């Protein structure tokens, strides 16, 4: 689990969903490079594999793009932070699957255009990137990465428009998918959200300098002021002293990703006017009403289950306790148990507090169930610690479908809820009772009366299978993107 | 704060107390090196600066001692874990102040004796190490480290006894201070706690193989069974298939460190028969009774204040909320704010959740106040987020005195409670009310009726100034220990 | 000096000329990656800043491109050599000036074309690269490097031809300059020399597998057989089992770089049918005839002056002695003398052998004089060691003009021979007499009767100013190539 | 081969002899650390595995001891050079066999004594170190290294004398073997040569500051003045402004190592009043007289055979040519040929110049034959290049015995000359004729009339088996020195 409460790496946790990116930009403030680094640090939960910052100073763009955590990359001894001179900078945190982890994919990407450079950082996923890429390659474009963001760069470079903002809009009109992006030229910072506004992007301000960030927590870390969210389909362009706003795309009804509330975002962030922590507590309260349990304790799976568990506890009156202790010191490539000791049931990340659990009837709260394997292990661990009963409550509806809009999900056949009904799932993970929040309950927690099936207020495709944006590349495999292999 | 809930590095947190070590040993189990690494990982909260493991295999001791976190040192790519062959191993986590961070100080230390080697890992602090060291140097002993543990090694090597256990006991009879240590020879594993039992040490068992560890959470991680605590003043010696126990020191009334309960230990550990999490909750309940507050929310300073805050909330009925969000992704040498951005009040580690705090009267719970500077910043941060009132409650009595028994504390003149009275402290940190738990309240939380002033049940010298062991080296400075400087 | 006798880095030697590249390729031999590494090792004198190998295996190109020496990059511990699977591979050694040392410039470069990839390694310099690049950028091409080789890649990708060899030829017809290049696709290895054949490229064979290499010494290291030189203007294409040869460019009279004989090539290489060592000895013999000296000893400036000094000694009868000892252990970034010790005249690389030189009249032989500052220091050093007279003989004509065909030369105003006449030069470097070999003497040493002024047999533009290929980019500066700065 | 002409690593050359150390010290000069680094750089040929410098500044000794070459360790980016503050410094280059390569063995070693520290760098080998070490361990001494130098440190620390110089002399009176050592305290620099003076040590001066160094080339590099050699059995003590000299050991007839002239020393060094280059040339001249050959060319095995080959050429009139070209760019851990390409006869280090050798009768000159395997390969290589005849001449007598005085030699049964007679050796290495210089010829080359069998002027034990110092530890194995294994 990777929200604001969580630790560096979830190495036992291939069984969770992963956001693919966080973006940040600041335009016209002393120390822009360092501020961007701090912004990325606050957004670390959105991507832990690599981070990059590109700043602009005196006619040159300066890039530092490296694998690892922000705090490790930009440590005092690296000198990278000091290299990032200038008052303009944008940055990017990257999560990626193993195959696409090459250094050449670390954003922000950069291109020299005639008359100047442009650098782009992107959160989301294009659903027609493969088709566009194939066409571009046929026309002689040379791709350096396998990132879909590079498609946007090439389309921008090839646009027949004369102004860079027009070139970028021209490019974006050709792409489909979910994207929140931040771009920087020597004269402008640009922010864009796709027409459906699937991924978040907010505008902030520090000492008068505009900021773009995936979440408000990246404003808080540097003491910046929140201004407003970028609107779905909006292009905001900052030049010295002013902001222009465009809506160049065809208007559609927004569909913000509801999973941002459930799991991805940091609890202290505000999204579309809602406090994430409060939404999660609301979910817990809804769950307590929808699926009560006779129990002695409410126990969260730390850290992401904590707010919902507090909500459940407050609504049900059953005491909230830390029955599972999480070890946050887990290194990136920590040793795997060898065959000889695997049978021991090594517990590197979570340990049950036997003194709390022993003999107790427990309500266990987690944010979601993906493959189910982790849930099964945690339930077993809680039972081994002496719990008399385990009632599992899940702070999201059953995850039945893959995401194509920027979240790394397994194939739907690997999703427990796609393959089993509730009873089968309860048996599989070994609980006395199992309940998920209802879709309408979830919508209530986010402030809607209920889900509007005719025009859903959110993207909930992972639960409903109702995909707002068509998936052109559905059959394309990433392995076909390049013939080159390089670390 | 560095208990089981906390993140890798507290870089804004020079203003807290630090335990100096965790120790672990396992004797006669396949994969002893890997098991020791896992044990140290579970004990990471006791020391994050460096870690070492020494295993024994086929006539040779193999050492891997490196700076950094266990999970980083023993990552898959390092190969260090694979080097640690053999069925016997001991290990050590180290915390140390900047001056003593040299690689040569990383434990376990090793010595070739005639007929075989011995390796020792030590948690605690000797109070006559400087005096003994000076005498040994005068006699021609050559010290390679500035660690007090090396004094024990030299005394052992110079003992006129013939058996290695007798040599070690001979050495320990000359030292004073707090120590829990684990030693390994080619034939035996030895565990010792000082006569007062200031530092913890427990005995466990895995598939019949004996284990020694600072805390029970290091047993849990590998699925080992808890057997019992090593007794104060006890020497336990494990040879193939059997355990011997000795009590070679003069018997004194034990004085276990009460701060282990308050802050150092992981909440899921059992210490002297008590669950640490439960003790902390008890403290919160006592605090709620001793120092109630009219308030809307109980907010912990994460992560160490959480159990006491839960106890306070349950006893007072005031809702517990996560009003401060902690970012666990803080790198070891993360960039410092430059002058240009320092005024921004950068918040790398903690962020208040404004939506929760705004307009509320808050009870803020922390485990202790050391210098007071962090408390002051947190209070200001909570107020800036809109809290209407801040009532600070501290889960320990005022920390007025330095520790000489293995905890890195500042000079007493740097301790807020040594320099100010309650009213002054409240003003300094800027709260509407301030209260510490009473000493008797603390003792009640740990299961005693009250503190026995004639024969206190615990070492509480940091609160009371009542030092059970004399401080021979009180005037010696670490900087005098060696003329050599080396990274 | 960087010929086969010389050490890793000439850190006191910004005052010498530098070849920019060595190339190697092998097609259809087990262990192609390792063989290419060895070939590059033999060609290390042609470029010490970085090296890269791209191999092809089972549908994928695998790249390892890193800064440093071949032997350091591909050390046992790096694992890079093992990654380079497959039977096809090409490689490149790079020399570059500081500004262009970015990792993104390390060759071979790679591009995904529709239907497959192509990778190219290039030795030489294009003289219209800047103009072509500007045009390509205007058309939307995105450059990832500042290397002129990337221009060839883009032109190839954009060619309207359907076959990859035709595309490459199409591209090369648009470029001007000196180039010897090796390219690899999934089905072919291609070698090309520019129409003037300025840079060398030879064909070899190992167990039937064809090889392309800058020099024959790269064949020798793996025990391969020399077949023939690629002809100026020739394109050779190797497919499984056969070789095709094309001459697609307009035919011109070849102008091989005469400086390859004087300095760049390894003495054991054969170039255009001539043994480099023998040519250098011939030069020394010519020099002895053209500019004899009354002296006791002939002393080479090691290592590049050795063959000419042996020739001079044998022709003149004056004994050859090692009067200057060279230290080959010079690290890449070895400490600079600090201000406090700079006056000491630190001699990291060369030391005079006082016992040999003291009281002697010395003929000092070096391959060339560039800025003259090194010559001046060496002369002073030899005098300080007691030499009675110093007669400086130079194994090349005066270097008066910059090279634009792949050799890193200073601006002509920094060239001593451009700014001074012979007498002034002699005075500047402090010698009793100074002589350069005549241009005709040089041509005789290489086997010609004399230089044919109407149609010179070699490119000797650095001596004559007679540039065979026009310099379209003469006014373009490298710093304008990209707005991006990245290590 | 590792003399002044040679490259970084002789990776194909386990078949040569290796000196174990170079030492350097400077006392009372600004920038002492940097000057020591430069001195060690000049002495790099005496040990390439590791280097260390310890400086003294303001009450503290500062150590930088690392594996690798001086120029790599103390590169600009490491910061190590800058750490070495102060006006006093000593340093050490280390060669070692694989088993003893641990970081803990890198010299100079250091010990805290009562009242101050002492640091020692040592070139040579003690012949009773194992016996002394065992006794010391029995008395409780704790060894941190397996270096024999540490024995000296312990004996010094345990001495009952009160002055540090007396303590050191007291220690040295107990050791046997060959040693040239440099020591530094906070007030004195001390230099010592063993009574036989087996290893070299010279005194120099820079701006009035005294210097100690293994060879004069280390004085030359910093422009320092040569004063005199330390005498066999002499102890020189430098304090501020003055030098004292002691001869505390029993006087014996000196036996300087004659192999220093043949191979170890740099050719530009002066040893005991003789120029090494000149001695080597003399050997070549003697060889030409003792063992003439009908031949067309004299070819050295580069680089160590060059001076003797020049002498042979000048005495015989047969032309000297570079028939074998050496590649100096050989990395430390360069890839080994894999099985698939091993049969190719990869030639990473030496390549024959076929154009020079083809059809010629060749006199091949090398400094020595150890195992004979390298000689065999080189002869084969020269034959493969077309040589008509190969007459091998060796610049030393047959190496029949191991060295115990600081040179890493194989067991005598691995020495070709110990196992075979001349005829067998000629057949083994495949030459038309083979000759070694005679012992008297060697002595003549070094300026003696002949070897005095009653009282040999040099240590020539490796040729004669006449060991001047008894080998107490002959049967002790290094693997018994410590039970600890650590990188």
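Glycine is treated like the rest: Cβ placed from N, Cα and C.
What TrEMBL says about this protein:
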ACT_SITE  A:21  active site, nucleophile
BINDING   A:257, A:403, A:459, A:462  [4Fe-4S] cluster binding site
BINDING   A:304, A:366, A:367  Mg(2+) binding site
DOMAIN    A:21-241  domain 'Glutamine amidotransferase type-2'
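The average pLDDT computed over the domain 'Glutamine amidotransferase type-2' (A:21-241) stands at 93. Close to the recorded [4Fe-4S] cluster site, the chain also has A:198, A:258, A:259, A:405, A:407, A:460, A:461: residues not among A:257, A:403, A:459, A:462 whose Cβ is within 8 Å of the site's Cβ mean position. Among the recorded positions listed (A:21, A:304, A:366, A:367), A:21 has its Cα nearest to the Cα of residue A:403 ([4Fe-4S] cluster binding site). Across the fold, the C-alpha of residue A:257 ([4Fe-4S] cluster binding site) and the C-alpha of residue A:304 (Mg(2+) binding site) stand 17 Å from each other.
Neighbour count (other Cβ atoms within 10 Å of the Cβ, all protein chains): 26 for residue A:459 ([4Fe-4S] cluster binding site). Counting other Cβ atoms within 10 Å of each Cβ, the lowest count among the recorded positions A:21, A:257, A:403, A:462 belongs to A:403. For residue A:367 (Mg(2+) binding site), the nearest neighbour among the listed recorded positions (A:21, A:459, A:462), judged by C-alpha distance, is A:462. For residue A:366 (Mg(2+) binding site), other Cβ atoms within 10 Å of its Cβ number 25. In the three-state DSSP scheme, residue A:462 ([4Fe-4S] cluster binding site) is classed as helix. In the three-state DSSP reading, residue A:21 (active site, nucleophile) counts as strand.
A Cα-Cα distance of 23 Å separates residue A:366 (Mg(2+) binding site) from residue A:21 (active site, nucleophile). Neighbour count (other Cβ atoms within 10 Å of the Cβ, all protein chains): 27 for residue A:304 (Mg(2+) binding site).
In the three-state DSSP scheme, residue A:366 (Mg(2+) binding site) is classed as strand.
Annotation note: residue A:403 ([4Fe-4S] cluster binding site) sits in a coil segment as assigned by DSSP. Counting only the Cα atoms, the space from residue A:304 (Mg(2+) binding site) to residue A:462 ([4Fe-4S] cluster binding site) is about 19 angstrom. On a Cα basis, residue A:21 (active site, nucleophile) lies 18 Å away from residue A:459 ([4Fe-4S] cluster binding site). For the pair residue A:462 ([4Fe-4S] cluster binding site) and residue A:21 (active site, nucleophile), the C-alpha distance works out to 18 angstrom.
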